[in-house]
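To start, the structure under review is shown below, and the notes come after it.
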Amino acid sequence: MAKVRVHELAKELGITSKDAVTKLQELGEFVRSASSTIEAPVVRKLRNAYPAAGASKSEAPAAAPKAPASPAATRPAPAPGPAAPKAPEPKAEAPAAASAPSAPAPAAPAPAAPAAAASAPSAPAPAAPSTGAKPGARPAPKAEAPAAPARSGGQGSAPRPGGPRPGNNPFATSQGMPRGRGGDNERPPRPGNNPFAPSQGMPRPGGSRTEGERPGGPRPAAGAGGPRPGAPRPGGTQGARPGAPRPAGAPGARPGAGGGNRPTPGMMPNRTERPAPAGAGRPGGGGRGPGRPGGAPGTGGAPGAGGGAPAGGGFGKGGRGRGGTQGAFGKGGAGRGKQRKSKRAKRQELEQMSAPSLGGVSVPRGDGNTVVRLRRGSSITDFADKIEANPAALVTVLFHLGEMATATQSLDEETFALLGEELGYKLQVVSPEDEERELLSGFDIDFDAELEAEGDEELEARPPVVTVMGHVDHGKTRLLDAIRNSDVVAGEHGGITQHIGAYQITTEHEGAERKITFIDTPGHEAFTAMRARGAKVTDIAILVVAADDGVMPQTVEALNHAQAANVPIVVAVNKIDKEGANPDKVRGQLTEYGLVPEEYGGDTMFVEVSARQNLNIDELLEAVLLTADAALDMRANPNKDARGIAIEANLDKGRGAVATVLVQSGTLHVGDTIVAGTAHGRVRAMFDDDGSVLTEAGPSRPVQVLGLSNVPRAGDTFFVTADERTARQIAEKREAADRNAALAKRRKRISLEDFDQAVAEGKIDTLNLILKGDVSGAVEALEDALLKIDVGEGVQLRVIHRGVGAITQNDVNLATVDSAVIIGFNVKPAERVAELADREGVDMRFYSVIYAAIDDIEMALKGMLKPEYEEVQLGTAEVREVFRSSKFGNIAGSIVRSGVIRRNSKARISRDGKIIGDNLTVETLKRFKDDATEVRTDFECGIGLGSYNDINEGDIIETFEMREKPRV
C-alpha cells in the first residue's frame, strides 16, 4: 500500500483533518500536519479507530439511489383521519398508486427504488375531469367554511406527491423539492418559494399552456378565490404533508405560476392594492407561525373568503403556513412571525455576555483556582486551545499587559504566569521529567511500573560506578591515570579535561576480583552541568583535594552536587608528596561542610594518596569498595532490555556518531534499536575503553556505541525500543520539545516602555554565534558559559546553531545569512570551507582552551554596546560685565577662573549656586575684538551664548564636554 496523506484519509473516513491528527497523536503516532504521509500500519490503526466511519463510507454507494425516490415511496403515508381535529375526511389512497400503477409498493426496499422511478414514466396520465377536481381528493367542506382558491402550479388533474415539502421546512436538512413519479405529469420543484434555491425562476414542466387548458377554469382576481377546504392538515407538523393527496382545485385557482412569463419581484401583487374580502382575517404567518384564517393569497396562510374559517383554521392550529414569495426575492412577507432562538444560540449569547472584555476583546476567565498545564516552550495557541479561546484575543490581551508576542511564538514561564494571573488561571509548566514521562506513556512505556514489578530473585550484583570530582588542577585525571596505568593527560590542552571519559578496571578485594567503573568529570566551573549529570549516574564520589591548596570553590561545588544526589563520598587527599602539604588542614576544612573523618568520629573515609608517586592507590580502591558494600545495594536485572546514560558523544570522521554510554540495567546487544535523547538508531558495533569489540554489555559497563542518527548530548538517557519507527517518533518528539523550550528560554522580552526606544536605536544589537566542537559535552559547556555573560540590556547573545564535528559549508552558509561568527573548539574547517568563509567574509575563530573563547566573546559583546558618555568639566568663568549687541545678543565679559573655555563647547550658567540655564553652547568666543578658539585661566574674554540673554554680573559660566566612557 502506498503512503497516504492524513487529509486524504480523513476525507475518506468522513472526519476532519484536525480530528485525524489528534486521533493519531492519541494512538501514539507522531504526525506534523494534515499534509504528512503515513505508513500502511498507521492507516490500518486509524481505520480501526473509526469503524463506523469506514462502514458508512462503504455503504454510501448503496444508499445513493434512494435520493431520486419520492418520499411517498420510501415510507408509508400516515393515516390522515386521526390527525384531522376539525373536519373528518375519508381515507385517501397513496398518490404513488394513483400516478404510477405499475410501480412497486411503497414498502419496497431501497434497491427497488430506482426500478420504481424508472417505471413511473410508463404509467398513463389520468384524464383531467371537467370539474377541475383531482382524483382521490377530499370531499368539499360545508358551506359555512368556504374554501380558499385552490393552489396550482403543476398539471391540474394530476395528484401531487404525498411526501413532505422540505422547501417550506426551515429545519430540514435539504431545501430541495422532491420530484414526483408522475411521468409527463411530474411536478418539478418550485424554487420561487425557496429563498435558499440558487435559481428563482419558475420552470414550466408542461410546456406553454393557455388559460383555457387549465382544469380549474379562469383565474380569479386577487383575493377573490374560490372555496377551499377549511379542514386543517393532518399531523400539524411544520410544513410536512402526509401521504394523502391534496384537495381538489376549486373553480378559481390561486394566482400562481402557470403559463406566461416567469415571475419577477415586480410581478408580485402589491399589498396595498389587493382588495380583501369583507370579514377576512389578517394574513397568516410567513411560513413560521400558525396560519390565520383568511388573508391575501400567497402571504403564508391559506387565503380565505369573507366569512372566515373557524378559529385556528388555515393550516390548522400549530401548523405552519407556507411562506410567501417575497422571501425568495428579498425581504420576507409582512405577516412573518417572530422566530425563536435555539438553545445553542442563547447559550452562545450568554457566554459572550458573561465573558469579560480586555483591550476590546472577550476572553474566558478562570476563577483564580483553575489549573492549566502547559509544556515547556508552549505558544499562545496552545494556551488558547486549553481554555477554548481565540489566540488573536490572547495576543491582544498580552499586548495590553506590556508584552509582545505572536500566536505561534514560544513563550517563557514568566510571560505565561503574567497572562494567567490576569485571566484567573494558575498555569503550571510541566517539568522535563513529567514531560518525558507523558511522552513515554504515549508509547506504553512505564519504567516506574517496570521497576516495581521486578523481584529480588531477578536482581544480580553489579560493579559500583565511581565519579572523580574536585577542583581544577588538583590531580583528578592523574589519579585516574595512576589507577588505569595509562596516560591521558598528555592529550589534554592546558592540563584541563575537556570531556568525560568512562573506564572500567579490575582489582582484588578480600581475595576476589572486583570491577569498578570510573567516570572522570571535568573540574572547571564551566562544566557544572556535566558534573551535575555525572553525580546523577554515580554510586560513589571520590572528592580529590590537593593537600597544598586545600578546599577551593569548585571543591565546594562538587561536594554540593554529590550531597544533593545522596551519593557517598570518599575523600582522596592528593599531592601529599609536595612541599607545603597539610592533610590535617584539609580534614578540618571539610569538617565544616559535613564531611567528618573517621579519625574524628565521623563516617567519611579519608585516604592520603600521591598520584605522581602511585602512593596508596590500592588503599583508595579498597575504601571505595568498602563504602559501596556498606552503604549501597548495588544490584540490577541483566535479563531485560538495556537502559542507561549517554556519558559522552562525538562525531568520528570514519565511523559517524560515536556515543559513550553507561548501561545501568538490562543488557545491551549488538543489533538493538535504541533512542538516546534526540538520537536514535540500531547498534551496529560496540567497543570497550580498550577498543575491544563487544557483542553485549551488562549493567555498569561503559561502552562505545556506533549507529546513531546524530550525536546525543552528554547526560541523555537511552533505552531499547521495540522497533525503529517507535525510536524515531520518540526522538522527533523529544527534539520538538527541546526546540520549543530553547526558543522560549532564548526569547528576549521587550516591554512597551522601551520598545519605541529600541526601534529608534536600530533595534537590539545581537551577536549570533555558531558553535562547533569535537565532543558534545564541550560544546554544551561552552554555550552555557557564553549565555551567562552579562553585559547589560543593550546586547543580546544568540547561539543559532551548535554541533559536533568539523566546520562545514552549511555552517558557513548559515553564518553568511545571519551574520554570525563561527567558534571552533578543537575543530578546524576543510580547505575548501575556509576559502568559502574568506570569500563570504565570515569570521571564524578557533580555540583549544575554554578560557580564551569566553574572554574573546565577552570583549566582543562589550564592544557592541552603545557608547556611554560622561561629563568632563573644561573650565569656569566669572561674568564681570554684560555687553549688549544687536547682532550677537548679550555678550558676557568674563574672566576665566579655572580650566579652559573652548568655543562650541557645552555650557551652563549658575547664579547664587543655582543653575538657571543648562544645555547651552558657546557660539562666540573673543579676546578683545579677535575671535579665539580657547581661553585659558586668568585671561579675560567675551562669551556669547547665542539666543540666551539672561546674563547678569556675578554669574558663573561652566563649560564641559561629553567624553566616551571606557568599559571595564
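Yeah, the Cβs are placed from backbone N, Cα and C, and that goes for glycine too.
Remember, it's a predicted structure, so these values are computed and weren't measured experimentally.
Quick look at what Swiss-Prot annotates:
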BINDING   470-477, 520-524, 574-577  GTP binding site
COMPBIAS  51-76  compositional bias 'Low complexity'
COMPBIAS  77-87  compositional bias 'Pro residues'
COMPBIAS  93-102  compositional bias 'Low complexity'
COMPBIAS  103-112  compositional bias 'Pro residues'
COMPBIAS  113-122  compositional bias 'Low complexity'
COMPBIAS  128-170  compositional bias 'Low complexity'
COMPBIAS  239-254  compositional bias 'Low complexity'
COMPBIAS  281-336  compositional bias 'Gly residues'
COMPBIAS  337-346  compositional bias 'Basic residues'
DOMAIN    461-632  domain 'tr-type G'
REGION    470-477  region 'G1'
REGION    495-499  region 'G2'
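Positions of the features from Swiss-Prot, shown on the structure.
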residue	record	DSSP class
GLY470	GTP binding site	strand
LYS476	GTP binding site	helix
ILE576	GTP binding site	coil
Check: What number of additional C-beta atoms lies within 10 angstroms of the C-beta atom of LYS476 (GTP binding site)?
Finding: 26
Checklist line | ILE576 (GTP binding site), number of other Cβ atoms within 10 Å | finding: 19
Next item on the list: For the region 'G1' (470-477), provide the mean pLDDT of the predicted model.
Entry: 78
Margin query: Taking 10 A as the limit, how many CB atoms besides its own sit near the CB of ASP473 (GTP binding site)?
Written below: 17
